[in-house]
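Enquirer: Sending over a structure as structure tokens; questions will come in a sec.
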Amino acid sequence: MNSELFSPYTIKDVTLKNRIVMSPMCMYSSENEDGQVTNFHLIHYGTRAAGQVGLVMIEATAVLPEGRISNKDLGIWDDSLIEGLHKTTTFIHDNGAKAAIQLAHAGRKAELETDALAPSAVPFNETMKIPVEMSIQQIKNTILAFQQAAVRSKQAGFDVIEIHGAHGYLINEFLSPLSNKRTDEYGGSPEKRYRFLREIIDSINEVWNGPLFVRISANDYHPDGLTVQDYVQYTKWMKEQGVDLIDCSSGAVVPARIDVYPGYQVQYAKHIKEHANIATGAVGLITTGAQAEQILTNNEADLIFIGRELLRNPYFPRIAANELGFELEEPYQYERAPGKISTNK
């Protein structure tokens, strides 16, 4: 039986064997607080690759030490961090998947002893520290850090880079009027709020020619915040800059009540795909093969990002293939265990 979910997908010179992407999820497992990959990361990501995920995306990886969400985040701010990341990509590749990395800066959501940096001195909520408004020089230094991280990503063997522009972290903070109150060239109009991300994309394009994704929060869930229609314009600009795919999440720039249900963010992937004419990834409570297949068949997205379901079962692709009646090629090490895998939870 043919399946959209298990059809290959090519972006530039990178071909994914299927449309399943492991969504980036922080593991907070750099136990020595130095940003280094640990044995846990090798097992965690390698298992999903062996489970037949098409693209394994490494969690949010900090471009600067002060840009970590926690002191146990992975990092890519120094050349000494390349070796561990390279071991991870090698392990992923050896198990038949492609490897991606999400480059990130936590901004005002950095829960460290050092000052949190943000476009404006506006805290996320009443319990978090008031961030320091970034100077122009700090902005330039951060843009350079993203570029240097892209260089290290190439040296570490990653096939795809994703820029983390969502979930209330630094880039999202610049994009949203709820968190960006600047009156200089990095704040005010949509064009000026976009400038920080524009310059990050330009700087990465100088050193990286592989597939480039951007994760967005397509809805601020606030009457004075951004909506998916605002992101149509942002993503049109991203496409003009050469971004290949928009990973469509939502929320978390301010505290908000979100109506969560299966596939609740697919609407954003569909809207951006249709109105910005750019490839998209759907993410958010996609938990079955049939659900993923329908999203692709309906042309609502191009890739399916799976998060919690892959935490529950690293062999989700095999379960989805069984569900869809698709014969998935097994790793040779597992050939003595053919047949259907139970979908019981």
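Glycine is no exception: its Cβ is also placed from the backbone N, Cα and C atoms.
The shown structure was predicted, so the numbers you read here are calculated from the model rather than taken from an experiment.
So Swiss-Prot says this about it:
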BINDING   Ser23, Pro24, Met25, Cys26, Ala60, Gln102, Arg215, Gly307, Arg308  FMN binding site
BINDING   Tyr28, His164, Gly165, Ala166, His167  substrate binding site
Enquirer: Round to a whole number and give the Cα-to-Cα distance in Å for the pair Ala166 (substrate binding site) and Arg215 (FMN binding site).
Expert: 6
Enquirer: List nothing but the one residue from His164, His167, Arg215, Arg308 whose Cβ has the fewest other Cβ atoms within 10 Å; the candidates are the binding-site residues.
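Expert: The binding-site residues His164, His167, Arg215, Arg308 were compared, and Arg308 has the fewest Cβ atoms within 10 Å.
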Enquirer: Cα within 10 Å of His164 (substrate binding site) is the criterion; apply it to the binding-site residues Ser23, Met25, Arg308 and give the hits in sequence order.
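Expert: The binding-site residues close to His164 (substrate binding site) (Cα within 10 Å) - there are none.
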Enquirer: In which DSSP state, out of helix, strand and coil, do we find His167 (substrate binding site)?
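Expert: The three-state answer is coil.
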Enquirer: Measuring Cα to Cα, how far is His167 (substrate binding site) from Arg215 (FMN binding site) in Å?
Expert: 9
Enquirer: Cβ-Cβ under 8 Å from Ala60 (FMN binding site), same chain, 6 or more residues apart: which ones?
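Expert: For Ala60 (FMN binding site), the qualifying residues are Pro24, Cys26, Ile69, Asp73, Leu74, Gln102, Ala104, Ala106, His164, Tyr169.
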Enquirer: Only counting partners 6 or more residues apart, tell me which same-chain residues put their Cβ under 8 Å from the Cβ of Gly165 (substrate binding site).
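Expert: Once residues fewer than 6 apart are set aside, Gly165 (substrate binding site) is near Ile171, Asn172, Leu175, Leu197, Val214, Arg215, Ile216, Ser217.
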Enquirer: Among all protein chains shown, how many Cβ atoms are found within 10 Å of the Cβ of Ser23 (FMN binding site), not counting that one?
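Expert: Around Ser23 (FMN binding site), other Cβ atoms within 10 Å: 22.
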Enquirer: If you count other C-beta atoms within 10 angstroms, which of the binding-site residues Met25, Ala166 is the most crowded?
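Expert: Buried the deepest by this measure is Ala166.
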